[in-house]
Every structure is written in structure tokens, then in C-alpha cells.
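Okay, structure first, notes after.
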């Protein structure tokens, strides 16, 4: 019995080993070699001494934070309404549907919409406001990135709200709370796990976005993702690229540690 | 009729689209009593509770609490609190915070909250559990937290929606005593919803037996048990033997081919009626001494008593609860007293029933 159980784990373990553990090890290994192939700690020294890299790191975190914030602000009310709508499944499908489309295609579609001769500018010139530079601005980058990440934020929040026992709301109402107090004291705290999962699902990928920074943001913001791409494909300094990769991975683990689900326990009553 | 009822229902009707859940309910609940709404699932008992709590609105009619019409008053503005069937304790709060919830909403100061919670915890024998998470509490403890959370708000009426149904038998019996004792000590009106007739009989001052959105009979547990108005109530409240009978004249009735003395009157001669005799009122005796003779078909040992099923010459089934054993296949006699025969007129309403009882009891 026990042997068959372990047997079922074999394919997944192989997968894990080949495509998760091995690449991570390789990245770590690579990060200790310079461009000539000599063992060195210089990559890490460079990273922490260079203002450029630190600015990039700050930018990556700052923009990932903004993207997460925007998606959260849009997704929470959406999920909240969605739970209370009639044709939930249909609406949910419409929200999930865009995730089936390739990221690159969506980026190009936005170029079409935002460019000087795009739909938005056609409308602006028609109304007399005149054509504006929309593409290659920070705003457009944040907007498109948020647009792409929204479904990943809505789904976990939706699930958390959907699973909530409706009698909690009745009980809160019965004990004298109005709708706002019920939301603040019961609904929101109970959906917090969904929010945390959503934040993880959005913040971590946002840290290493690189395609959108170029196509939509016009490389005005250079994030760590862009830096890695450039090191591997342009300067061919794989060691430096790997070093940034290791730092990103550490940042992701930190993020998961912060937002991760702790053992559920009632808050301790403070005297 | 009570002078100063705490809750009244006047011609209350409740309808969900085509589905009529309550048909013309009239109720008057007095202060400080233990009321039970008893009926099978889907009879509308929980709807009445929801109407008192304010979770649903009436389709027609008036609901009053403390003499004020509350049809449009939301639940958070009503002076009633509910103990839910699944307790609905907030999983993200500990025991203290769950109980303090209502007080915090009322913006009481921390010291008052601590005092009130401490006193209600002591009353529910939960002192020392303040910092426990709800997931760390047992079913019986959760039940008591739910009651404490409702009572700490000092409601005029406490509503209990089948709160004992999730507990095991032993705990359920203990809680019955505890709830009854609590209600009498606090003097708060309790409205208890259940489908369990034993619970209803054990705890209530007054029971409302419901069927299909109507109150079929209301009265004290003894009244309802001893004088069920019809076959439905008789069947629902306890085990019963029901046979068809004919009224001969006042205080005389005939069934299974014999005529018996009874204590009912005010019914026309030769009217077809039904008779209820409770299994515990039937005494096993010899066929010669018995008023009826039955052939013992099966016998089950129930612990407290033997449950014996027998058939008479007309094929009616008789259930007897007896501490003495019978032998399967033998003929036995059944003895009962005139007051053990409960006569039910077919289709008689509660009002007519009460009027008839009064008419001959005054003589």
C-alpha cells in the first residue's frame, strides 16, 4: 500500500527535480562565475555596490506594489459584487477568458489602442482634446500590467467570499452591526486569505515583468526582469543575470513568508 | 389573552414567489415564557423565527415587538438575538471577541465590555476560555458560546433555531435542562424552534405545533400531549394508537366493536371520530380482564420498557409500552381508564376544540 503511494509521486518528483530544483541550482551556480568563467563573488558585490541595480530593484518593487494596489482596488469590489450576482459562472468566465490569450498578443493589442493613431487618440482628437502621448508612459504600463493581473486577483478573493458561511452575515446583523460594520468586522477579515493569495499571485510575477516594460512602458522603467533579459540575451553576462535572478527568488520567498497563511488562531485578547 | 404581549403576529402571511410559507399566522407571546415552535422541516417554523429576528419581511400582516410595529425594522435595530443552528461563531475571533461583538458595535467602553463578557462567561460556565479559538472548542462549548454571545446583549427575546440538533444525545439532554433553567433564571422570553417533540415537551411553557404554514394547535406540553386536536398532532407528539370510533352519546364511545366510557362530550351522537390512546396508558393484563384483546405480534426491548405491537380482531395495530414482558403469538388483554381515551373530531379547528372543552367542563 505504502509502496504504491510513493510510486504515484514519482512522475511529479521527477518533474520537480528537472524543472524546478535543477534550474534553481543552475541559477545559483551561475551567479558565482564572472563573464570569463572564473569563480567569484564579484557579481553580488557589484549588485549591492551599484546605484543602478539598487534603483532598478527599488523600481521593480515600487511598480509591482503599484500594480498590486491597483488590481486589489479594482478586484475586491468586483469579486464582492460577483458573489452577489445572478449569473456568477458566466461573469466569472468572462473574467477568466482574457487569461487564455497570449500575453504578447494582448500587449500588441494595447499598442494598437494606445498608439498615436490608435483608438483612444482617434477619440480624443474627435472630441477636440487632441492627440496625447499615451503609449510609452508609466501610466500606460501600470494600466496594462494591472489589466493583465486582475483575473489572478479576482479569483482567490471571489473564492474566499463565495465560501463564506452566509449565517456569519446574519449573525453580525443580528448582533447589531449594520452593513458597513459587518463588512469591516466580518466579511473583510474572513476574506483576507483570498486577498493574500491574490497579492502573491500578482506581486511576485509583477516583480519580474519585462516584456510589458518595453512594449508598453517603452523601457522608461527598467525593472529587474528587463535587466535579467538583457544580461542573458544582449551582454551575455550570465553570471550577473543569475545573480539578479537569485535576488528576485529570495525576494519572492520573503513575500510568500510575509503574506503566507499562518496557522489559524483566534486573535489573542489584549487586556 | 396576555395584557402586555412582547411579540404579536397579526394575520401574518409569507410568500416566496408562488410558494406560500405561512398562512395567516396569529400569535401573542408573553414576557418571560419559554415558547417552542414544533413541526417537521418545511412547516414554516424557522420562517416565523426569521420574521421575529428581521431576516425576512412579511408579505401581509403585522409583527410587533414591545407593542411597536417592526415590519420595516432591520435586524440590527431589533431587541432580539438569535442562536443559530450552526452557531455562526466568527472563526477569525476568539471566544472573548465573539461574545464582545455586539457590545463593541454598541461602542461600550472596554471596562464594561470586559465585565459583561466575564459575567456571561461565568453564567455559561466558560470562564477561562476567553482566549480560545472557536476551532479549539467542542460542539457543546460552541453552543454555549453562541448562547453567551446572544445573551450578553440583554435581548428582550432570545430566538433559538434548532440549536441542539448537532449535539449528541447525552449533551442534548443536559442542554435541555440548562436552557430551561437559564430561561427561568433570566426571565427572558425564549422562542425555540425544533422538530424534536421530546425537546419541546421537556422545556416549553407553551408549544405551537405547526403544519404546512399553519399553527395546528397551541398549548402547554401537557395539554398538547393529553388532548391532541387531530391525528397529525397526536402522531407528531409521541407514539400513539389511533383508531376510528363512533360517538354514542356524551361520555360514551364505541370502537373495535365495543362501547367504552370516556370523558368527552359535546359531540353529536353517531358522529365519526378518531380515538387516541397512548402506548404507556395501556396496561397488559389477562384476556378476561382486558377491555380489548390483542394478539402479540412483535416485542422490542427499549431499555426503559418493552415496546409490544399487537393486532386486535379488526386488524388495528396497538402499541403498548410495558415494563412486563409478553409472549409473542399469545393473546393478551389491554386495560385502560376512561380518561386515557382522547377523542378527536375530524377537521375540528383549535378554536372549536377549545370552545367545546369549555362548554362541558364548566357544567
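Each Cβ is built from the backbone N, Cα and C atoms, and glycine gets one as well.
All TrEMBL annotations are machine predictions without curation.
The annotation transmembrane segment is assigned in TrEMBL to A:7-29 (among others). Taking Cβ pairs closer than 8 Å, the transmembrane segment (A:7-29) reaches residues 242, 245-246, 249 in its own chain, all 6 or more past its ends.
The domain 'ABC transmembrane type-1' feature in TrEMBL is assigned to A:57-259.
Tertiary neighbourhood of the transmembrane segment (A:61-83): same-chain residues 91-92, 95, 141-142, 145-146, 149-150, 152-154, 157-158, 161-162, 187, 194-195, 198-199, 202-203, 206-207, 209, 221, 223, 251, selected by CB-CB distance under 8 Å and a gap of 6+ residues from either end. Per TrEMBL, transmembrane segment is recorded for A:61-83 (among others).
As annotated by TrEMBL, transmembrane segment applies to A:90-114 (among others).
Sequence-distant contacts of the transmembrane segment (A:134-158) (same chain, at least 6 residues past either end, Cβ-Cβ under 8 Å): 63, 66-68, 70-72, 74-76, 78-80, 82-83, 92, 95-96, 98-99, 103, 106-107, 110-111, 114-116, 118, 120-121, 191, 194-195, 197-199, 201-202, 205-206, 209, 212-213, 216-218, 220-221. Residues annotated as transmembrane segment in TrEMBL: A:134-158 (among others).
Residues annotated as transmembrane segment in TrEMBL: A:198-217 (among others).
According to TrEMBL, the transmembrane segment annotation covers A:237-258 (among others). Listed as Cβ neighbours of the transmembrane segment (A:237-258) (distance under 8 Å, sequence separation of 6 or more from its ends, same chain) are residues 24, 27-35, 40, 43-44, 46-47, 53, 57, 61, 200, 203-204, 207-208, 224-225, 227-228, 230-231.
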Cβ contacts under 8 Å made by the transmembrane segment (A:90-114) with residues that lie 6+ beyond its boundaries: 78, 82, 120-121, 134-135, 140, 144, 147-148, 150-152, 154-155, 158, 211-212, 215-216
